[in-house]
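Structure, as structure tokens:
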Amino acid sequence: MATHLINARHIQDPNAANTTLKHYWGYPSRVMPCTKDTGTCEYLDAVYSMHETSMRYTFILWAVLLGIAAAWLFIRGWRMDEHEKRSSGPFESAWRHLALAKRRWLSTDFTSKPLQHLFGHVSRLQILILAILLAYLLLFSLTGLTYRTWLTPIPASPLHNTRTTLGGFADRLGALASALTPFTVLLAMRESVLPLVTGAPYQHFNFLHRWTGRVIFVQAVVHTVAWTVVEGRLYQPQPGVYREFVGQQYIVFGVVAMGVITLMLVLSSKTAIRWFGYEFFRVGHWGLAVVYLGACWGHWDKLWCWMVASLVLVVLDQVVRWARMVYLHYSGGRRGNFGFHCAQARITTLCSSVYNDLVVRLDFDHDHASPWQSGQHFHLTFPSLSIWQSHPFTPSSLPDPNSSSLQQHTYLLRVRKGITARLAALGNSATLPVILSGPYGRAFPSYGAQNLLAVAGGTGVTFTLPIVREALRQRVACGPEFAVEFVWVVKRARDLLWVREELAELRESAEGWRGLGLRVFVTRETEGQYDGSQAKENGSSTVSELVGLLSGASRCSVSFLGGRHPAIAGVIGSFVERVAMVGGSVEVVGSGPEAMGSDVRSAVAGLPIETDVSCYWDSRGD
């Protein structure tokens, strides 16, 4: 590609007498000295100067990304105990105001409906990171360019070429898009170093992955349109110049890359996922991404380093993922059986014939060389249904530290379309093979947390329940005044049957230890619906017994709200007031619908500055 590209596109003759080639990284070599007309030589000076600036900006971009990661680490790790260590001296007031601003402005969601519709329920910190990135890309896409127009003659023709900054601007966008590509791939990796560095689980980076992908798409569109205008309008004679341009190999690769990234954008929309299913999106997105990286490499091989880095990340993610999965399922003789063994899950369908709510419970035992920790999750694949899907689910069961290897897994799956509907169709008491990958995520409760408030909505209980049970295990080490409160918001009282044994265990613990509280809110029913005399469906009496059991214990309650939702701010505020008398840090964890997560973050942000509190919301429950 090099010789033809230099001659045809970059209007230089490498065979001219008494000339040498000056090499440029990421761009064709330049013929020196310039033997063309004055306007062409000035244009080439500007083009290569703009290219050198573009290369500097691409590496500065990664410095900016590293700076954002460092700021993320600082903000996420900025706890009130550090504030107390530094709260004396001349900077006390400034430090207190910074701590308050961090909690109230960076940890909460935007309340504007248009912004929520555009970005979803994400924190201001994520929006701030995206804004910094967009500001950098916009600023350095427009600076360092030579804004000028040159009219250069065409030999043996009355026509002339119009040479402008447009080509250099288009190349700048292409270079920045190439440099941004590995970062976008990194944000989508399940086996990524980002969760280890930042402490945030990999799914929390999906927001930035989606938006950096959209940014690359916009850059690619403008890059394509700009060069189409240059080669199809500004350069003469037409249509000969444009026909020769589009026939070149690197342009064909560019057209393929543009088409593939457009298809990726369309198929990743909510409408397309709803039409074709998540499994199709997952496999298609991965395959198209590999094709896109290869097409970009073919389009401009002089920036191969960014594409190679992206492909290495893709391959590394898959290799590590499969290696972990094989290790988890290859017994290696731990129980006398060699080879790859799937877990065998038992299906229990938990439903209401009146309201048509459907939840599937999976129970199985599996060998582990080392157990997972509370708060972590696994990706589950059901090979008898589809080998192309893998969904994240949090076990509601707590690993037994006294067991050598065999651990019990329990999962609650809300039935929707796709693989969960096919699971429910198998019927009660059916069994099917399960392949696990993981565990992923961080462990809770955090080290040093002295008081724990766990808030769950619906199937989000699978995340919070094992954390509460683990906190009860640790209460001896944390002291007798250690407080734990478990709050669960459900639609109907019969939802309590999902984890009836675990709730009974918590109720028994509450009787023996005054530091534990259990509060259940039923949002779509009124009190007395399950009083035993109105048992209209199978299991109602069991629900009534369970409600009575929970309501009869100290610091335990079941509240029927009849269509209303609980005041999350009041729940959190009352717990903080309760533990304020004994002191100690407070950790708030939760999982459930996104709107509930926004309420929790806003409530934590509104707490007094002297409250030592941290908050983590897992957005996979509903």
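For all residues, glycine too, the Cβ spot is worked out from N, Cα and C.
Automated prediction, rather than curation, is the source of TrEMBL annotations.
The feature transmembrane segment is assigned by TrEMBL to 59-78, 127-149, 211-230, 250-268, 280-300. Here TrEMBL flags 337-446 as domain 'FAD-binding FR-type'.
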Taking the transmembrane segment (127-149) as the reference, which of 211-230, 250-268, 280-300 gives the largest number of Cβ pairs under 8 angstroms? 211-230
What residues in the same chain, six or more past the boundaries of the transmembrane segment (250-268), come closer than 8 Å to it by Cβ-Cβ distance? 1, 5, 210, 213-214, 216-217, 220-221, 224, 276, 280-281, 284-285, 288-289, 291-292, 295-301
Using DSSP, how many residues in the domain 'FAD-binding FR-type' (337-446) fall into helix, strand and coil? 7 helix, 47 strand, 56 coil
